[in-house]
Amino acid sequence: MSAPVAPFPQVDHQRAVFADGLALDCGMAIAPLAVAYRTYGRLNAARSNAVLVCHALTGDQYVAEPHPLTGKPGWWESVVGPGKPLDTDRYFLICANVLGGCMGSTGPQEEMTDAAGRGLGRPWGTDFPNITIRDMVRAQKRLVEHLGIARLLAVVGGSMGGMQALEWAATFPETVFAAAPIATAAYHSAQNIAFHEVGRAAIHADPAWQGGRYWEAGGVPAQGLSVARMVAHITYLSEQALTRKFGRRLRGDTNPRGALTFLEDVFEVESYLRHQGSTFVRRFDANSYLTITRAMDYFDLAAERGGDLAAAFRGTPTRFFVASFSSDWLFPTAESRAIVRALNAAAANVSFVEITSDKGHDAFLLDEPDFHRALGGFLAGCADRLGV
Amino acid sequence: MPEAPTDHRHDGDRPGGRPAPRGGEITYVAKNMRLDLRLIAEMVPPGATVLDIGCGDGTLLAHLSAEKGADARGIEIDMAQATQAVAAGLAVIQGDADHDLAFYPDGAFDYVVLSRTLQAVERPREVLRQMLRIGRHAIVSFPNFGHWLLRWQLLSKGRMPVTETWHREWYETPNIHPCTIRDFFDLCRLEGYEVVRWLAVDDRGLKAPWTRSPRLANLFGEQALFLLRRGRR
């Protein structure tokens, strides 16, 4: 805890840079706009097989390849690849690091610019503007246009990625043939905002946070960010999943007799969470975490339409695939069902399944054959219809 | 009470709901499709928008989409069947007739189909109202509890009838609202629904020739199929 933790190393990311920048919902503009991204598979001649994958809060563009910092496999390799539900032999997959992220897209860790787009020689840090899910989507739209794609076959995403999929369909309906919001909601619930706030409070409470200007001391608020990750990680799992993985097992090596100690990890679940926290700080920026959690908290598709979610989709040509997981208490099935009912009220074409799983919110990232079959079948049906 | 297969919903061991008709008595609309579904498919004109409530694995939806160019969507209460339908690329949501119809706008569909499910819903009258609110037409099929065999069994044995169609014990059946063909006519009259077409089929899958006599159909028809339209009042 005492030794300062250095920021994670910078690596080169594939990026598209837009000099004219992006106007944000908050009224500010940010220029230039950088969007870091990865693609998989091949764009066909008709440019009709592009699928945009939207990542979750702490995900990034490295969907189906080893991560450049951690060396770990891509976060959705169970779903993306040749012959998989998002079949890279058939579709051209795009995934962009979100606006506000820390894997190469414009975000708090990147160099701050003035109104004319001139670099100011310091990171944005907490001066990075408040962004929304729609701002993230607009940044992605720029990338999609840059890649020469007029219409996406589908936008697919889980959790915060699902919010983006919904926002894409609501904001650019003609650009999205199909949308697959998974394990998500049309607004962030009070409980979810509350959990986010605990994470933010932990970051703020870390002396190394330095009011957000931690780069000046060459360190990062590792302790605070780690605690934020630990809290969040609990919300991604379920009681059954934790019980199955760890139960009440004690750490045998350090504490063979289960003697009472308060000085170190006693239960396996504790060391697991600590490990999650400590590895997270090696790839994620604290100010990005603050920025993106805020964007999720602001998200409420119905709010600006007088509370009528169906109004966001009335007359939409987009086809929807909504999926939830039975043990997900962060984005429970009831919230997916609310989306489905709003889509029905809007006379939209929608498919919906609740997948039985005891793995909690994280189930959308894991090996869930029923989910994969349903998602793959939905997408294949859309592709067939478009003649892809 | 013994049971009529409630659509595909509670009948895992017999996915088709009933055995295939013996012989080649009727015109096949589609191979391997349940008889009442084939008759329903005949009622739907090309290009129609259709909502199939209790769509099972989506057999009818797939047929209507492929053969009639219909914009066909479904609701299925059984998650495994709904997942199978979605995996086949069909627009199916997991949900149920009693709770999900209220969310659709008025006149959203040309046809709303409820096959072999009416007797198993909580509020059949309300479900019918919703069907004819969100659809211009309703197509309803149900097993006829007025069939002579059921009457005979109840009369002779004094026990709830057990037949091929109604095969589950009274304490286990999901069929909480069985009705007869004449009962259904009464409800349509009460609610002001216009019966555009109706027919009964016997236990061999033959279209019953008693279309001029609801009383005869009620005695010999094992299944009933109604095409309704909202009344003008």
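In case you wondered, yes, glycine gets a Cβ from its N, Cα and C as well.
Predicted automatically and left uncurated, TrEMBL annotations should be read as such.
Pulled from TrEMBL:
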- A:49-366: domain 'AB hydrolase-1' (DOMAIN)
- A:S159: active site, nucleophile (ACT_SITE)
- A:R229, A:D362: substrate binding site (BINDING)
- A:D328: active site (ACT_SITE)
- A:H361: active site (ACT_SITE)
Proximal but sequence-remote residues of the same chain as A:S159 (active site, nucleophile) (Cβ under 8 Å, at least 6 apart): A:A56, A:L57, A:I182, A:A183, A:T184, A:L330, A:F331, A:H361, A:F364
Sparsest Cβ surroundings (other CB atoms within 10 Å) among the recorded positions A:D328, A:D362: A:D362
Model confidence over the domain 'AB hydrolase-1' (A:49-366), averaged pLDDT: 95
Alpha-carbon distance [A:D328 (active site); A:D362 (substrate binding site)] in Å: 8
Cα separation, A:R229 (substrate binding site) to A:D328 (active site) (Å, whole number): 18
